[in-house]
Amino acid sequence: MNPGQYSIEFCEFLEMGIISPERMRSVDANAQALGVSAVQLMESAGKGLADYVRGMSPGHVVVICGKGNNGGDGFVAARHLCRDCMVTVLCMSREIRTQEAARNLHVLSHCSVSVIIADTPDALLACRDSISSADVIVDAMLGTGIRGGLREPYVTAVRVVRESGVPVVAADTPTPGLPAKVFCSFHRSKGGDPVVIDIGIPDEAECFMGPGDLLLLPAKAAGSHKGAGGEVLVIGGGPYQGAPYLAGMAAIRAGADLVRVATPNLLPCPDLIVERTGGSVINEEDTDLLAGLAEHADVTVCGCGLGTESHQVILEIAEYMGRAVFDADALRQPLPVADNSIYTPHAGEFFRMTGCRLPDDAAGRARMVRDHGPAGVTLAKGLVDVISDTARVRFSRSGTPHMTVGGTGDVLSGIVGALFCRLPAFEAAALGAYVNGCAGESLADLGDGLAATDLLMQIPPVLSGANSGHNRKAYHNKSDHNEAF
């Protein structure tokens with residue numbers, strides 16, 4: 001493999017511009033799953049911050065640190081700066097929230113740094129002279145983790161710093177109410193016009209799905225009523241009766257509250273609401289029934305085990321679908337189009353949809369899916385899954401070779417359908433691919449004896465993070481799947 005070629009091709013799929021705090025947390029977690037520790041990330045952030053401040057040639061720097069990782073970045077910056085100038089650290093709390101930040105505060109006790117506990121308004125007011133005498137103030141109080149309005153002692157800290165008139169350099173993002181001369185964003189911009197500091201997060205932590213992406217899934221609120229987790233309609237069956245069952249049960253296991261299955265033949269199942277259609281396959285006589293069900297559902301999963309005879313019906317009812325996942329026999333021309341569509345083809349189905357053959361290498365496949373996929377989101381299944389909305393691209397390399405067994409695609413569709421109730425289309429498709437693969441990895445001991453039904457009970461622990469140790473191993477050790485890069 002040519003390392004230079006790896007970098008050029010890989011950078012093509014990185015997102016640019018502003019990154020949200022939530023996405024940044026997921027990327028952080030993915031980097032740690034790849035083996036870049038939180039201590040390493042904090043060290044890189046703090047040193048980068050110190051390097052920038054050092055360029056301002058200050059004689060005295062005051063670093064105001066909160067109790068979280070933003071404060072930890074400030075502690076690291078103070079350690080590096082004390083070699084060149086006088087440094088005073090104002091610690092806004094006696095209790096440091098993270099081990100990494102606490103460790104770096106402890107290191108400061110062995111350095112030429114004055115550390116003052118300023119955890120009350122009075123303590124901060126007593127530090128006015130020190131603050132006013134500084135050449136630069138480093139704001140490492142809150143960063144991107146702030147929730148709600150400012151409380152004491154932060155309110156007083158902001159007031160005292162503003163009154164001092166000393167230039168402020170903010171770590172990652174400024175504390176509300178504090179006009180920073182410069183703010184140094186770590187990894188990517190969080191908004192505004194920052195100085196962006198590279199802290200060593202691998203590109204893979206953004207491009208590939210990992211355990212950090214599970215953090216983006218909204219939790220069900222306490223006291224939620226039945227149906228709050230979403231209602232999924234599965235339309236399928238006829239020639240292949242097991243397919244809609246697998247999709248429906250996967251949707252249940254992935255968090256959907258209600259799942260209806262519209263199918264000609266399905267044995268009663270206590271977890272699924274079965275809506276029987278007429279005949280041995282779905283046909284024109286079922287159009288009104290299916291349109292009404294689709295209009296009521298949050299997400300429709302369509303195509304699992306459907307057969308080619310029912311395609312015209314799917315085209316007619318697609319206009320009643322708000323959000324839809326199209327799989328298997330629904331993936332043929334003309335394509336059904338919902339208001340918000342996810343398509344889940346393998347290579348053969350992608351050719352049937354678009355007339356384009358997917359290359360063998362992952363980078364080439366990504367370009368093909370991005371540039372020639374249909375409007376909506378495409379999840380192109382393969383050794384490395386490619387997810388694209390025709391602009392963004394994500395990859396998922398979770399899974400095992402044993403998942404070529406029939407029915408795993410139906411499970412994937414059900415997972416994606418359930419997640420689509422709670423996430424936008426692109427995020428639902430990408431996370432669904434990752435979760436489905438991780439469920440398979442957790443059953444690697446079954447080898448060639450893996451059945452699609454085995455995956456169902458593995459979905460909840462993957463989503464809850466119970467398999468995070470296993471996921472971390474898989475996320476880090478699948479480079480053999482990455483032949484294109």
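Every residue, even glycine, has its Cβ placed from backbone N, Cα and C.
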(6S)-NADPHX binding, same site as Gly305, His346, Asp410 - TrEMBL member from Ala221, Ala222, Ala228, Ala243: Ala243
Gly305 ((6S)-NADPHX binding site): secondary structure state under DSSP, collapsed to three categories: coil
Check: same-chain CB within 8 A of (6S)-NADPHX site center, minus Ala243, Gly305, His346, Asp410: Gly236, Tyr240, Leu246, Ala247, Gly303, Cys304, Asp327, Ala328, Gly406, Gly407, Gly409, Ser413
Averaged pLDDT, computed only over the residues in the domain 'YjeF C-terminal' (209-466): 95
Nearest-integer angstrom distance between the alpha carbons (Cα) of Gly305 ((6S)-NADPHX binding site) and Gly409 (AMP binding site): 11
